[in-house]
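Below is one structure, written out as structure tokens; the observations come after it.
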Amino acid sequence: MGTFCSVIKFENLQELKRLCHWGPIIALGVIAICSTMAMIDSVLWYWPLHTTGGSVNFIMLINWTVMILYNYFNAMFVGPGFVPLGWKPEISQDTMYLQYCKVCQAYKAPRSHHCRKCNRCVMKMDHHCPWINNCCGYQNHASFTLFLLLAPLGCIHAAFIFVMTMYTQLYHRLSFGWNTVKIDMSAARRDPLPIVPFGLAAFATTLFALGLALGTTIAVGMLFFIQMKIILRNKTSIESWIEEKAKDRIQYYQLDEVFVFPYDMGSRWRNFKQVFTWSGVPEGDGLEWPVREGCHQYSLTIEQLKQKADKRVRSVRYKVIEDYSGACCPLNKGIKTFFTSPCTEEPRIQLQKGEFILATRGLRYWLYGDKILDDSFIEVL
């Protein structure tokens, strides 16, 4: 109830501007199309007033829609939680373990990262999600993950309704044989007219909604699997990458040390409870975190400082050999480059032949890193 009230407070009404973005428009459009068509088709296939099963089916359908929208708007409007402006640790000596954010004019708390889209340091930042037009982090990680779970389940239910509706409606109009398909008009004359006419337009719309439902089930289901995988390890997507770079750094320099991720409680259930609670409010305050034995609050931030210091040495310097406009999905760079464009809203940098790039991470066709400009570094993708 407390989470629900936080959504409808007056001061949060300004957050409604988040809806004016292609991500929420598409996401809510898919939800609206699938839910509306499923309810209409339920009238044709399994009218709830006829049987108990029909009533249960209709109530479940409405229930899916309400729960999906509830968790979606929670994830969007409650937000991830931001590090307070001007924040610094209680013990002044601990600042030596932390990075300083010049934009927020504050130290970055453990597990927090600066989001250039939100223009704030986000507590326990996982990623900036364009579908909710907000970051996924400390406060809304549970709601976001529940949305990723409920959306495929609701789409599976809707897809079943679509298939059964098309089957039953076509069955009354067509007589299927092994070699021929014949129109059976006697059934149409004998049966009463349906409440909602199932014509060509209704069939095409139902087929379109079925495609959306199946596509959403696959795509969102994969995202749910990824999120649950990192939640059960008490990590975020960013921290998984930090851990990978830590192991690579140790292996590269052949150091006699072992990196232990400090926030893994050693039990999947304990890690799960760090995000999902009965009250709906995650454990902790988003600034300090329980750590496993042998680690302390700044184990991960110390590793980040090591990687940052190593970045100028280990990063690969590339020279630009052809101009690049900075387009999100460039068609003139090849089909493979176009279809493997990173799924992020971070800006691509415009490059000119002869400039230099300091790459800190590489995919097969894309590089993450900094543009070297007058001995200064500007973070870009």
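Yeah, the Cβs are placed from backbone N, Cα and C, and that goes for glycine too.
The annotation transmembrane segment is assigned in TrEMBL to 25-47 (among others).
The transmembrane segment annotation in TrEMBL covers 53-73 (among others). Counting residues 6+ beyond its ends, the transmembrane segment (53-73) has Cβ neighbours under 8 Å at 4, 7, 27-28, 31, 35, 38-39, 42, 46-47, 132, 143-144, 146-147, 150-151, 153-154, 157-158, 161 in the same chain.
The domain 'Palmitoyltransferase DHHC' annotation in TrEMBL covers 96-242.
Taken from TrEMBL, the feature transmembrane segment applies to 146-167 (among others).
Annotated transmembrane segment per TrEMBL: 195-226 (among others), in sequence order.
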Positions whose Cβ lies under 8 angstroms from the transmembrane segment (25-47), at least six residues beyond its ends: 19, 53-54, 57-58, 61-62, 64-65, 68-69, 72, 131-132, 151, 154-155, 157-158, 161-162, 164-165, 168-169, 194-196, 198, 202, 205-206, 208-209, 212-213, 216
For the domain 'Palmitoyltransferase DHHC' (96-242), the number of residues DSSP places in helix, strand and coil: 77 helix, 22 strand, 48 coil
Average pLDDT across the domain 'Palmitoyltransferase DHHC' (96-242), rounded to a whole number: 85
